[in-house]
Structure formats: structure tokens, C-alpha cells
Amino acid sequence: MCAKKRSASSNRWLQESLKDKYVVQAQKKGLRSRAWFKLDQIQKSDRLFQPYMTIIDLGAAPGSWSQYVTTQIGKNGHVIACDLRYMSPLSGVDFIQGDFCNKQVLQAILQRLENKKAQVILSDMSPNFSGKPEIDIPKSMYLVEKALKMCRYLLIPGGTFIVKVFQGDGFYEYICSMHALFNTVKIIKPDASRSRSREVYLIAKGHKI
């Protein structure tokens, strides 16, 4: 019975993907995933990325967000991407494989920054989903809390943090934690985000020290 349910769910996801206009466009444009369009829509509404910026992309694989920001910050900008999974090389992206909370990995990021800090930190991370919100939401909150913690070490005063969060237990408490570190926090759901998904994006501006 469980196998049948998983099979039906997988088939439904596959059929949705085949019909998804963003999946089709991503394939035509040679993009790494449809998530590229989510960040593009965020950029068009908020104009967060500028030439020469240094940007850190946490949980970057397969690399669509890193791929996008390289088009916005120019050749003199700097993208540092980090993920537990391997990510195939991208022009203009400095990739570090590992857990960014690991001391050695964090040190590697700091070395790439050359004693500076980033203007923007991105996090589009998701856990491996089980399909059970009571399991998946806490796993997701654990990841976004780790990403928020990194802002203390890696983000400039006045900097911006963009993070994907799944609505559920701990969501509003997390927003309160963000308000403690940033001047403003905005909730946005890009059109490219599937309507049935619990995911939203939080844009936090004005990093406090």
C-alpha cells in the first residue's frame, strides 16, 4: 500500500514537472533548475543584486541561484557557493563542498572572502522530504536556523539575507529571530513557486551588528 502511494505521488510530481512552464523554460535556456526563475522574480521586485557584489550561496547545488547571480553582479563580482553535495563547475562561482557549519568549511569560506564579508547571503536549502509535515518542517527549520546563524559571521552590516522557509511550526518564531538581526523582514512568494507548496521566501535587509 505504501509503495503504491509513493509511486502515485512520484508519478504526479513527474506529470506536473513535464507540464510546468518553468521546467520547460529552464531546459530550453540550459539552466540548472526552475529555481532560477524564483530568484529572477525576487530580483525584479526588490533589486537586491548589483555589480561588484560578493554573494554567498548556502545549499547551492545544483547551482541555479549561483548561476543567476553571476548574471547580475558582473565579472568583478564574487560568488561563493557551498553545499554538502557536489556541484558541477560554474564560471564565476567559487564552490566549496561541505557543511558550512563545520569549522574547516567555515574557515574555507572566510579565506575566500579575504577578511571581508558578503553583501548578500542566499539560502534556497531544502531537506530530503518524507512527505510528512511533522517530520519535514522541523528538518527545514533546522537548516534555515543554521543559515541565519551564518549571517553573524559572514554578512556585512546593512547586508541582505534571502532564505526559503516552509510555513509550519516555528515559522513565526523564526521571523522574530530575523527581526532581531535585521531592520526589515519581508515575506514573498514568487510566481515560480508552486501554489500548493508551503515554501515562501523571506527577504531580510539591514543586517544589525
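Quick reminder: no glycine exception, Cβ is built from N, Cα and C everywhere.
For Lys164, the entry in Swiss-Prot reads active site, proton acceptor. Residues or ranges marked as S-adenosyl-L-methionine binding site in Swiss-Prot: Gly63, Trp65, Asp83, Asp99, Asp124.
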CB neighbours of Trp65 (S-adenosyl-L-methionine binding site) within 10 A?
28
Let me know the largest Cα to Cα distance in Å among the S-adenosyl-L-methionine-binding residues Gly63, Trp65, Asp83, Asp99, Asp124, as an integer.
18
Cβ neighbours of Gly63 (S-adenosyl-L-methionine binding site) where a neighbour is any other Cβ within 10 Å:
24
Taking each of the binding-site residues Asp83, Asp99, Asp124 in turn and counting other Cβ atoms within 10 Å of its Cβ, which one has the fewest?
Asp99
May I ask for the distance between Trp65 (S-adenosyl-L-methionine binding site) and Lys164 (active site, proton acceptor), taken between their Cα atoms and rounded to an integer number of Å?
12
Cβ-Cβ under 8 Å from Lys164 (active site, proton acceptor), same chain, 6 or more residues apart: which ones?
Ser123, Asp124, Met125, Ser126, Val144, Glu199, Val200, Tyr201
What three-state secondary structure does DSSP assign to Asp83 (S-adenosyl-L-methionine binding site)?
strand
Could you check what DSSP calls the residue listed as 'active site, proton acceptor' once collapsed to helix, strand or coil?
strand
